[in-house]
Every structure is written in C-alpha cells, then in structure tokens.
Amino acid sequence: MKRKGILVVVSGFSGAGKGTLMEQLLKTYDNYSLSISMTTRAPRPKEREGREYFFVTKESFEKEIKQDGLIEYATYCENYYGTPRKYVEEQLNRGKDIILEIEIQGALKIKEKFPTALLLFVMPPSAKELEKRLTKRGTETPEVIEKRLRRAVEEAQGIEKYDFIIVNDDLESCTRRLHNLITAAHNAPIRNEEFIENMRQELNALVKGEK
Ligand code: 5GP
C-alpha cells in the first residue's frame, strides 16, 4: 500500500506555541514539509523572507488571489495571510505530510476543499498562560496583544470543528503526541478509500471463484 501524503492543518491561538512546536516536529521526524505562507504583515525582527513567510504588499497578494495561486487565504488582525498552491501540491505528490499552520477561517476552507485534511488545534494549558507567552514574546505592542487575545475569544468558538486538540504543556511530549496523532490518522478509512475498494473487489473475486 503506497503511503500518500496528508494535509495537516494546525491552528491555535496566537502565542499558543505553534511555531516552536512545528519547528520541533520538523527537526525530529523526516516525513513532514511545512508550507510557507504569504502575508502582508510586516516581518518581526528575527523573521526572514522565505523562511517564516513570503512578505508581500497588499497589491501582490491580491494579484496572487486573482491568479488562483493560493489554496486558501484569510484576513487576520487587518492583514492578509494565504497558502501558496504550488508547494502544497508538489509535496503531497511526493508522499510528504504537509503542515499548514493557519488560522481558523483558512482551516475550514481547507476542510471544504480537501475533506481528508486533518485539523488539529493547539491549546495553551490556560488562558493566563497564553497572555504570559504573548507578553513574553515581546514582538507585539500591547495594542496588538489585546487584538490577538480578542481574536482568540472568537477562535475559541470554532474549536469543535477540529479533529483533535493538543495541549501544549511540554514541548517534547507535545511533539510526540502530535506525530502519533498524524501517524494514526493515516489509517483512517477516509484516507484509504482506494485500498478499501481494491480489497472489496479482490474479496468479491475470491468469493465468486470459489463458487
Ligand atoms: P502571525 O502573524 O502570528 O505569524 O500569524 C497570525 C495568524 O495567521 C496565526 O494564527 C497563523 O496560524 C495564521 N496564518 C499564517 N499563515 C496563514 C495562511 O497562509 N493562511 C491563513 N488562513 N492563516 C495563516
């Protein structure tokens, strides 16, 4: 049975530690590729073009939308964010599991377009811890932090639409749980329709041959 790549969507409140978790996942296991999004947000001091994001102007982003170059996009705290199509398709064809670290509107669009996508939501151990992590990161102004916390309140309404939640308490055990979930998801019937159908046909042929 040929292993096909699956689309893994990882969402979570800003400050939940998704970025670090993804970094650890990619470092520890070699069957994952991370999609790099396009955004109109300004780069943070340590971010590099083409590593965390492709940083573009609003005009370039809108051109990309028109040319159908994005598999999904959304606005988040007044900026555009979107997933470039080409890389995702290439990695899936190579059998890689591709991780999209995106917010909830985009996640739901992906589920509509790709029903076999796996949707995971990373949660902090508590709301207080989230505020602490956002403040500690030190890259956002108090005003932006407040906007992101408000957005977390909105996103919390949609968590039931995800397949699994992952509580980010300890980085290493969280990475392992994430990897185990994705590995297990490969065996769900919804992701093995072709194999199941072949098995049915073979069984039918066997039964007929015995008559
Ligand atoms: P940040 O500005 O903190 O890097 O990202 C803000 C939010 O945008 C996060 O929830 C992040 O997961 C989400 N995001 C990043 N890239 C994309 C994307 O390509 N599409 C969508 N829909 N959301 C994204």
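Every residue, even glycine, has its Cβ placed from backbone N, Cα and C.
Annotation comment: TrEMBL describes 5-183 as domain 'Guanylate kinase-like'.
For Ser14 (ATP binding site), the same-chain residues that are 6 or more apart in sequence and have a Cβ closer than 8 Å to its Cβ are Leu134, Arg148, Arg151, Ala152. Residues or ranges marked as ATP binding site by TrEMBL: Gly12, Phe13, Ser14, Gly15, Ala16, Gly17, Lys18, Gly19.
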Residues among the binding-site residues Phe13, Ser14, Ala16 that border ligand 1 - Cβ under 6 angstroms, in sequence order: Ser14
Cβ-centroid neighbours of ATP site Gly12, Phe13, Ser14, Gly15, Ala16, Gly17, Lys18, Gly19, 8 Å, sequence order: Val122, Pro124, Leu130, Arg133, Asn168
